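Asks: First the structure, then my questions, so here it is.
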Amino acid sequence: MKSEKGQMLHDLIENAGGCAVTDGGFATQLEKHGAFINDALWSAIYLIKDPQLIKQVHVEYLEAGADILVTSSYQATLPGFSSKGLSIEEGESLLERSVKLAVEARDNFWNSVKRNSGNRYRRALVAASIGSYGAYLADGSEYSGCYGPDVNLKELKDFHRRRLQVLIEAGPDLLAFETIPNKLEAQACVELLEEESVKIPSWICFTTVDGENAPSGESFKDCLESINKSNKVEAVGINCAPPYFIESLICKFKQLTNKAIIVYPNSGEVWDGKAKKWLPSKCFHDDDFGFNARRWRDLGAKIIGGCCRTTPSTIQIISNALRAKS
């Protein structure tokens, strides 16, 4: 039997006609507002510099039709904040802020639109983002899965534990583990959810560089082994991978899991983790996302959105496409 929070995610998907929409690239939209995020904390630096801009971006995604807001905590870690000279208490406060900003944006937006009987919106859920260990390292290893021989299961759980605790205490509706690059970290996330007796639902998303396997080279069958045994994880899928991989990956995941499938690819541009810049590649334009979102839904995806280099206009096209009559 699903918990009340787990049922909330299920109900959102059902109320959305079987496929809900999550938001798009957060850092990308910050940059469109003039934000400078070439920093080890990436978009999380704006939890310090300009929290109201973070809230504004959340609202822009809600206006575009997002059913789920993902918080700005992807690269927000206590060691990362400590490297900026902040205390543990200050770092924890910023993690809490990432959730509070999204919740406030959601509540204010919903209160403003729900009075209009003809509005097309649904009350969004807030997912607290937990980026991979590689995201904290900021060396591109979330796209290689190579953490070195000294990083073990216990170390990964210890790295994520306090951040997870603080984010949950801040009151999100669910947790989003993002850009997981290997089996070991997926197992760490699952074990941590059990050890902490987490009551809110989670999703775990991998990325891929070859369209077939996790960045580590491990098969998704192996990576999903621990996830499939967990009743704490409601959805599993792919984020920040090129969109032209998504169709075959949905088909693969349908064979490997009974969990809801979530996909939110990037634009198709390639991130150079060492040079810290986007490289031109085979890109999807916004209109391509509309056509393909319907295809991905029909293949079995239950949550669809965008990642890096996508914007509210991308999400609006996805939302409109999924709402359109077939």
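Every residue gets a Cβ built from N, Cα and C, even glycine.
Heads up, TrEMBL stuff is auto-annotated, nobody curated it.
Model, not experiment: these values are computed from the prediction.
According to TrEMBL, the Zn(2+) binding site annotation covers C240, C307, C308. As annotated by TrEMBL, domain 'Hcy-binding' applies to 8-322.
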Asks: Which of C307, C308 (the binding-site residues) has the most other Cβ atoms within 10 Å?
Replies: C307
Asks: I want the residues beyond C240, C307, C308 whose C-beta is within 8 angstroms of the mean position of the Zn(2+) site's C-beta atoms, in chain order.
Replies: G25, T179, T207, N239, A241, Y264, P265, N266, G306, R309, T310
Asks: Using all protein chains in view, find how many other C-beta atoms are within 10 Å of the C-beta of C240 (Zn(2+) binding site).
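Replies: A 10 Å sphere around the Cβ of C240 (Zn(2+) binding site) contains 23 other Cβ atoms.
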Asks: Summarise the model's confidence over the domain 'Hcy-binding' (8-322) as a mean pLDDT value.
Replies: 94
